[in-house]
Amino acid sequence: MFPEPPTPGPPSPDTPPDSSRISHGPVPPWALATIVLVSGLLIFSCCFCLYRKSCRRRTGKKSQAQAQVHLQEVKGLGQSYIDKVQPEVEELEPAPSGPGQQVADKHELGRLQYSLDYDFQSGQLLVGILQAMGLAALDLGGSSDPYVRVYLLPDKRRRYETKVHRQTLNPHFGETFAFKVPYVELGGRVLVMAVYDFDRFSRNDAIGEVRVPMSSVDLGRPVQAWRELQAAPREEQEKLGDICFSLRYVPTAGKLTVIVLEAKNLKKMDVGGLSDPYVKVHLLQGGKKVRKKKTTIKKNTLNPYYNEAFSFEVPCDQVQKVQVELTVLDYDKLGKNEAIGRVAVGAAAGGAGLRHWADMLANPRRPIAQWHSLRPPDRVRLLPAP
């Protein structure tokens, strides 16, 4: 009833092949070679990575071992240097005990030779400063400029000073000073001979001193002795400060010029811990003030700088009869100006003031600058003019 389906015949050459019926033939040789090559590269890469990782582990262990070895070597090296620099106490050799070593240990400040004699007729104690040996070098050049300050405690106002000897550690002084003291009072006095290194532009440094209680000295006959210098104690009095000024004298014009340069480390006078300092300059003749000058006031400072010049007419025949007195005062607008300290220079000044004056006269027409330590106004005493 229904027509039969047509019987399929052979495919026509124009009919496209069916992809589902593609036959699986043998794999080509080039494909096999590619697969083998890629697989080999993968295996080689894996092996190489494992090898590198293993090498890194070994290198790390070796570095740690080397570091430990180097650390031990450094410790050993340090110990060897310690042994060389700081040997055992038992290996130290005893220091030589010759005369030179004793001098270095005991006389490192130096020695002073002096003489003592008492004149019963005049009631005077004669103190001779003879010489010093092996003084300590306080200057950069390995030397000192020594001088000796002499006074009888408890009175420090009456004191003498020798001349300065330049660049020497073994000065010969040969100077004698007289103290008028009743014999019955000598037992309670102490003679002080202090050696200083002179410095024109700063505070003089103490090298050492000798203290002789007069109660221990037999003055029935002249005494001459060597004593070792001892370290000088610090000044008991309060520091007032220092002032620097220059002196210049022109003999042909009879003109004396004082230049107040600066001051430093002044005593605090105001409530706020500062001062308002200025300087008064007096020219004295016969102990009387004949001329007066003063600097400007510097506000709120303990280290004022002035650089102010003042001139005085002083004939040549009067230059040895005058003195110059400089007083540093604290200005007070509401109250009285209070003196901080004072310095005197001149032929009758003595000590540093006399040296400064002598240097000025020895160098005419040249300004000679020098630092001076301020002293309490009531302790600045001028000796009678020559």
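Note: Cβ is positioned from N, Cα and C throughout, glycine not excepted.
Per Swiss-Prot, Ca(2+) 2 binding site is recorded for L138, D139, D197, D199, D205. Per Swiss-Prot, the feature Ca(2+) 1 binding site maps to D139, D145, D197, F198, D199; the stated evidence is sequence analysis. Annotation comment: Swiss-Prot describes D199, S202, D205 as Ca(2+) 3 binding site. According to Swiss-Prot, the feature Ca(2+) 4 binding site maps to D270, D276, D330, D332, an assignment based on sequence analysis. Among the features that Swiss-Prot reports, domain 'C2 1' is placed at 108-227, with the record citing sequence analysis. Sequence annotations record features per position, and here Swiss-Prot assigns region 'Disordered' to 1-23. Per Swiss-Prot, topological domain 'Vesicular' is recorded for 1-24. What Swiss-Prot lists as transmembrane segment is 25-45, and the listing cites sequence analysis.
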Note = CB contacts under 8 angstroms to D330 (Ca(2+) 4 binding site), restricted to the same chain and 6+ apart in sequence, sorted by sequence, are M269, D270, S275, D276, P277, N337, E338, A339, I340
Ask   = How big is the gap, in Å, between the Cα of D197 (Ca(2+) 2 binding site) and that of D145 (Ca(2+) 1 binding site), rounded to a whole number?
value = 5
Message = What does the DSSP secondary structure composition of the domain 'C2 1' (108-227) look like, as residue counts for helix, strand and coil?
response = 9 helix, 65 strand, 46 coil
Message = With every protein chain in view, what's the tally of Cβ atoms within 10 Å of the Cβ of F198 (Ca(2+) 1 binding site), excluding that atom itself?
response = 20
Ask   = For the binding-site residues listed here, D197, D205, which shows the highest count of neighbouring CB atoms within 10 A?
value = D197
Inquiry  = What's the number of neighbouring CB atoms sitting within 10 A of the CB on D332 (Ca(2+) 4 binding site)?
reply    = 13
Whole-number mean of pLDDT values that fall within the topological domain 'Vesicular' (1-24) = 49
Note = Taking only the CA atoms, the spacing between F198 (Ca(2+) 1 binding site) and D205 (Ca(2+) 2 binding site), expressed in whole angstrom, is 7
Inquiry  = If you count other CB atoms within 10 A of each CB, which of D139, D199, D270, D276 wins among these binding-site residues?
reply    = D276
Task = Among the binding-site residues L138, D139, D199, D332, report those whose Cα falls within 10 Å of that of D145 (Ca(2+) 1 binding site); none is a fine answer.
result = L138, D139, D199
Message = Can you give me the residues near the recorded Ca(2+) 1 site, meaning same chain, not D139, D145, D197, F198, D199 themselves, Cβ no more than 8 Å from the center of the site's Cβ atoms?
response = L138, S144, P146, V164, Y196, N204, D205
